[in-house]
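According to TrEMBL:
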- A:33-52: transmembrane segment (TRANSMEM)
- A:33-256: domain 'ABC transmembrane type-2' (DOMAIN)
- A:64-87: transmembrane segment (TRANSMEM)
- A:108-134: transmembrane segment (TRANSMEM)
- A:146-170: transmembrane segment (TRANSMEM)
- A:177-195: transmembrane segment (TRANSMEM)
- A:235-255: transmembrane segment (TRANSMEM)
Amino acid sequence: MATLEKRTKWQIWFDVIYALLVREIRIGFNDKFGISWAVLNPVIFILVLSFLRGRLDGGETHTIPTFVFMAYGLINIQIFLQTFSAGASAIQKHKALFAFRQVQPISAILAACFFEILVKIFVIVGLMVAMYFLGIELHAANPLKIMLYIFLIWVFAMSLGILFGLMIAFVPEVKKIQLLITRPLFFISGVFFSLQDFPQSYWHVLNWNPILHAIELSRYSAYPAYGHSGVSESFLFIVVLTTTFIALSCYQIAWKQAISR
Amino acid sequence: MIYLDKITKIYTSNNTRHVLFQDLSFEIPKGHNIAFLGANGAGKSTLFRLIAGSEYPTRGKIITDQHISWPVALATGIHSAMTGRENTRFIGRINGVKDLHAYERKVVDFAKLGKQYDVPVGKYSSGMRSRLAFACSLSIDFDIYLIDEVTAVGDASFKKRAQQALLERSREANVIMISHQIKELKQFCDSAIVINKGQLTFYNDINEGIKRYQAL
């Protein structure tokens, strides 16, 4: 008989998230491309899109190479969109696994979101390699800040994922609303443009969106000459912290009933 | 001992409230192999899942000092794209099994899967699936095994092995079982709990329980 370890709560958490992560990597990509597709697909997507835009516009956007300008936008928005949708669907997807009382919804959400960020780290490395071979200068004035913004976007996406995942558990139709509201985000978050392209009197239409702030700020951190007009780091922090707080509070209240339906 | 402390369980579907249990307090006694008997929809599976901690009561709580298995049913936790071995490792990791290799060996020996162990579970027959699910649970040291209809699909020799394994462990471990086959229940259990209209009644002798259940 296999004896069981006495584990602390944290160890159980760690074990469960690890087991779920291994499972995700194993079954997420069951064809010949395997897991490499999860990395190749966005790398190719970003390369092609950035390259086309770079060609059209002659090389520089607000003092930074257009390729780099696009790459920051696309990476950030993809991290947001994919982490968000992975987080929001994790509860539904792992429903059968909650039969094991050790597996709690938050572990499933965390595992799904860890998986997304892991893939994105490889995507970023892949892009850097591609840029090296394309002869585009790799320049980051403040790499720590760039990582911080990526982290904030990830946490923001995860918190929204928790909130939507919970709502979907109670009212499945929310899934449709989630798809509806995420679609325009790709176009209004400053992926293809900068806030500076717009007259200041229209900024309020766009600058409620924390993803826009994160994207503009990460461009600014790479090339300080790009500037950071219209965006603010503290706004980003406040939005992310508030969302995380609300998400965790709702989770604490609702998780038991969410899986007991 | 498993103690149900004033549990209420309500399901809401299509705006209708369905009350399964209302302020139910009950002690499931220790040291018995218990069969859950009740009509369809009486709440056997729900009670099962509540005891296992797979879901939670709407109000009240369940208190226990026992190591309880997950509700072993045909499909719980088994992913058809993963091989038998990968599924075993997953279940082992979640439950905190110390030595995964030893655990794998035990499972494959018990389920008699042989080479099929490294084939995706999607290609298994339902009998093989149930053998795998059952072996994964029985190979871990639990105090109480929760078994939901799994043994019904296994062949005769597997049933015999399962019964023997449970018998060997019956001094430290017990089973709680749901099955619609009375014969099956009699093989594994010695006492019964009849679930009827949100109330539980314990019968020390399983035959008595079956008589009561059939009279419902």
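Placement of Cβ uses the backbone N, Cα and C atoms for every residue, glycine included.
As the structure is a computational prediction, the values presented were derived from the model and not from experiment.
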Long-range environment of the transmembrane segment (A:108-134) - Cβ separation under 8 angstroms, sequence gap at least 6: 16-17, 20-21, 24-25, 28, 38-40, 42-43, 46-47, 67-68, 71, 75, 78-79, 82-83, 86-87, 89-91, 93-94, 97, 150, 154, 157-158, 161-162, 165
Contact check, the transmembrane segment (A:177-195) vs the transmembrane segment (A:64-87), 3+ Cβ pairs under 8 Å, seq sep 6+: yes
For the transmembrane segment (A:64-87), sequence-distant contacts whose Cβ falls under 8 Å of one of its Cβ atoms, 6 or more beyond its ends: 42, 45-46, 49-51, 53-54, 57-58, 109, 112-113, 115-117, 120, 123-124, 127, 131, 134, 136-137, 139, 149-150, 153-154, 156-158, 160-162, 164-165, 178, 182, 185-186, 189-192, 194, 211, 214-215, 218-219, 222-223, 225-226
